[in-house]
Amino acid sequence: MNTTPFQSDPPPSRMQRKLVVEVVEARNLLPKDGQEARAPTWSSISTLRRNEPPPNARFLRQRPQNMDYDELDIEVYNDKRFGNGGGRKNHFLGRVKIYGSQFSRRGDEGLVYFPLEKKSVFSWIRGEIGLKIYYYDEVADENMDSYQQQPQPQPQEADEEQFRPPPPQQMHNLPPEKPSPAEEGRVYESAQSHSYQEPQQPPVVIVEESSPPQEVMQGPSDNHPPRPPSPPHEVHRYPPEVRKMQVGRPPGGDRIRVAAAKRPNGDFSPRVINSKIGGSEATMEKKTHHPYNLVEPMQYLFVRISAYVKVRTSNHFVRSKPAVFALGHNRTDSAASGATLEISAWDASSESFLGGVCFDLSEVPVRDPPDSPLAPQWYRLEGSAADQNSGRVSGDIQLSVWIGTQVDEAFPEAWSSDAPHVAHTRSKVYQSPKLWYLRVTVLEAQDLHIAPNLPPLTAPEVRVKAQLGFQSARTRRGSMNNHSGSFHWNEDMIFVAGEPLEDCLMLMVEDRTSKEPMLLGHAMIPVSSIEQRIDERFVPSKWHALEGEGGGGGGPGGGGGPYCGRISLRLCLEGGYHVLEEAAHVCSDFRPTAKQLWKPPIGVLELGILGARKGSTDAYCVAKYGKKWVRTRTITDSFDPRWHEQYTWQVYDPCTVLTVGVFDNWRMFSDVSDDRPDTRIGKIRIRVSTLESNKVYTNSYPLLVLLPSGLKKMGEIEVAVRFACPSLLPDVCAAYGQPLLPRMHYIRPLGVAQQDALRGAATKWLHRVVRYMLDADSHSWSMRKSKANWYRIVGVLAWAVGLAKWLDNIRRWRNPVTTVLVHILYLVLVWYPDLVVPTAFLYVVMIGVWYYRFRPKIPAGMDIRLSQAETVDPDELDEEFDTIPSSRRPEVIRARYDRLRILAVRVQTILGDFAAQGERIQALVSWRDPRATKLFITICLVITIVLYVVPAKMVAVALGFYYLRHPMFRDTMPTASLSFFRRLPSLSDRLI
């Protein structure tokens with residue numbers, strides 16, 4: 001036995017979890033060597049967890065209970081060197097995928113046979129593999145690797161004995177190999193072992209899990225102290241020989257180097273968490289979904305106290321109110337500890353105990369919808385011996401007790417244990433008020449009382465002002481009819497009106513000839529009395545009487561005043577338009593206001609809000625799609641809240657966006673009069689068209705907020721989303737060929753400036769939190785957004801730049817083989833021109849098929865690189881958050897104005913260059929340069945004669961070969977045609 005020299009004490013230790021996989025046997029395998037004899041086989045074990053490396057490397061995780069999100073892949077192969085078929089490769093015999101929730105703790109494991117799965121549809125696989133999988137926790141050293149890698153002096157005889165190849169039966173007793181330097185650089189090696197003969201004891205693979213890399217938050221330089229590590233709950237110490245069991249690698253074994261993939265956007269990109277929720281695929285017709293299969297069930301202990309409860313004592317009489325309580329419950333722990341439920345009645349004035357009821361939780365029934373609700377029962381209140389001496393308690397309490405989940409219909413109205421402040425913490429579903437466009441057409445006004453003392457040759461300036469709530473608009477100056485004394489406008493004004501249409505439209509006729517406007521009359525029209533239309537039919541006009549100032553001075557309470565004239569109006573509520581309340585690029589609904597014009601839905605959007613991580617306490621979520629808003633309950637005193645609430649929406653258009661926002665609840669701690677808004681933590685957007693049909697996406701998205709100090713990550717949100725649409729594909733694809741907006745937007749379109757004004761008015765109907773969800777400030781000026789849009793344009797034109805570079809490489813003969821092939825293809829297309837269009841479409845098809853490999857696997861989240869939020873100048877951020885009008889100092893405004901002028905000069909120069917190129921084209925035939933025009937006409941005449949004489953195919957071949965000629969026949973100077981074009985005159989020299 002080798003002796004180990006004295007070593008220093010190792011550093012302090014901490015908890016570590018190890019996963020043990022015992023490959024016992026495989027049976028009924030399919031022979032791959034052409035004979036029924038079994039060839040020696042070997043298995044490859046790997047784990048799939050986001051972008052972590054394969055096993056045989058050490059994993060240390062801070063939260064070992066999070067192993068449910070892991071996946072274990074085991075693949076079985078036969079050894080090519082021991083088969084009789086003479087194969088050249090290791091044949092695949094099958095694989096098994098095991099989820100982390102199937103792992104057992106040490107002592108509870110058992111031999112389980114897993115059926116081998118296919119790798120593809122055309123694979124022929126059969127058989128089973130027997131595995132024992134379990135895990136245990138132990139105290140391990142954080143710096144054990146570096147500590148064990150220190151060289152230790154040993155005698156030469158011991159070295160020779162140590163490195164002598166052991167027999168195969170003792171390979172699994174070797175100590176584990178130390179990681180190589182490449183492993184420290186995120187490159188890992190996975191050892192593959194071959195079983196040469198049946199071992200007496202199956203080899204064991206130890207998988208040690210490590211904590212993921214620490215997340216670095218970019219943004220303001222807030223120095224937050226690190227969260228102290230939670231103490232280990234339980235310490236398991238096992239013998240050293242159990243901790244060091246590992247599969248040995250025989251001499252000459254293959255080693256596979258696997259590089260850990262990095263996310264392109266760093267810590268700010270979405271990642272896949274658990275794909276088991278809701279299943280991988282489902283259809284609406286063949287499989288019935290559970291209504292809450294996108295979230296995990298959370299058990300609650302429900303107590304419903306009925307409406308009529310009375311308790312009598314010697315001198316007291318108490319009645320209770322109906323209430324439902326939802327207490328967090330773990331059925332397994334409660335059954336093991338023998339927990340009970342106590343319900344007691346107390347006197348509010350004297351704080352004296354009146355009586356109570358006790359339940360054994362092991363006997364409480366479990367209710368799972370669609371089971372019917374439990375009927376309440378009467379229970380006798382019992383008191384203690386001391387209470388019996390002070391006064392006899394008599395009374396009953398009617399209640400029902402059951403164990404359920406968040407699916408229970410009593411859960412939304414229950415007093416939850418994780419959200420005690422019920423008034424502002426319950427989950428709710430809201431419907432946005434239906435918004436209408438109110439079109440006011442001012443036609444004519446008659447019998448107006450115009451002031452007689454006007455200066456000579458001065459026409460009165462009469463205007464009409466319309467006001468609806470906080471919205472107001474004024475017409476242009478009316479044209480006066482000298483014969484009748486009436487005024488004409490024929491001008492449209494559009495307002496946003498919201499149901500229940502209780503407001504009144506106020507019309508005021510003003511004389512603005514003098515400096516002080518004078519009110520000539522006003523009229524009040526209830527919006528509910530205005531006619532509604534859903535198409536372009538003609539609406540007749542009506543005359544409305546104008547009242548003077550005696551009727552209330554133009555106020556809302558005016559009425560019964562003196563007659564001051566009349567005004568002709570054409571009023572209608574437009575139901576054929578869609579009231580734009582969101583930004584066009586993140587709109588969630590394009591349906592018109594009138595329900596008669598709605599088309600049937602094409603599918604259902606299901607959203608499961610699982611939870612959040614590393615966020616803020618007292619957090620809740622708001623999800624918006626279409627007219628339906630949902631708000632989850634508020635989880636108090638938790639940085640990692642778990643909601644597990646699921647909601648559904650009807651989908652009418654796949655090209656829409658679902659918005660989910662997370663907020664910090666301030667209302668439950670503030671007074672009713674305090675109008676402090678809830679703090680925004682972040683939001684995400686998911687475009688429905690990017691989701692595959694009937695597929696569940698379970699991802700974690702970062703919550704990013706752009707502050708004046710920079711970009712800051714506020715946490716992560718975990719959601720599960722599925723777009724369930726019918727299997728009839730034409731119904732979904734037909735939506736892509738329909739107009740995006742309703743029909744009225746194209747028959748009587750609204751101007752761009754008018755749409756922006758109406759969108760601003762529509763968002764003012766809603767709360768500040770809602771305005772954040774609707775991106776109400778998306779059209780504000782931002783240097784960062786300008787840069788982002790510029791780079792978006794560069795990205796769109798990148799294909800044209802790439803094509804130009806490819807053609808330049810072809811014509812420069814950088815790759816002669818490719819250039820020759822292009823010559824041949826060009827000849828074929830010229831000689832058979834009918835193949836040009838089919839070849840072009842075939843090329844597009846091939847591009848689409850090629851990029852199918854690089855399709856996004858998950859819905860994309862916020863992109864900080866695309867948003868130019870990685871490195872932002874602080875002054876630009878301060879300008880982005882500035883109000884309108886500006887609230888900054890004059891010197892700051894002057895500096896920003898100068899910077900904006902410099903940027904405008906660049907844009908001005910680019911626009912001038914574009915205009916100059918177009919003017920040069922016009923100068924070819926405008927005779928501004930007579931010699932250039934004569935030369936151009938002569939060249940065009942020669943080209944015409946040549947094309948009449950020479951066949952078109954020969955001309956095309958000659959031009960193509962001339963363009964692709966070898967560089968030895970080229971001149972480095974610009975061509976004559978380019979020099980001729982640059983010499984043409986433009987209008988730049990005529991600018992002042």
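Using N, Cα and C of the backbone, Cβ positions are placed for all residues, glycine too.
Residues annotated as compositional bias 'Polar residues' in TrEMBL: 190-199. Annotation source TrEMBL lists compositional bias 'Low complexity' at 203-222. According to TrEMBL, the feature domain 'C2' maps to 416-544, 580-701. According to TrEMBL, the feature region 'Disordered' maps to 32-55, 145-237. Look at TrEMBL and you will find 819-852, 935-964 tagged as transmembrane segment.
Looking only at the domain 'C2' (416-544), the predicted model's pLDDT averages out at 85. Tertiary proximity for the transmembrane segment (819-852) is limited to same-chain residues at least six positions away from its ends with a CB under 8 Å from its CB atoms, namely 810-811, 813, 953, 956-957, 960-961, 964.
Counting residues of the domain 'C2' (416-544) by DSSP class, helix then strand then coil, yields 6 helix, 65 strand, 58 coil. Residues 810-811, 819, 822-823, 826-827, 830-831, 924-925, 980 of the same chain sit 6 or more residues outside the transmembrane segment (935-964) yet have a Cβ under 8 Å from a Cβ within it. In terms of DSSP secondary structure, the domain 'C2' (580-701) contains 12 helix, 58 strand, 52 coil.
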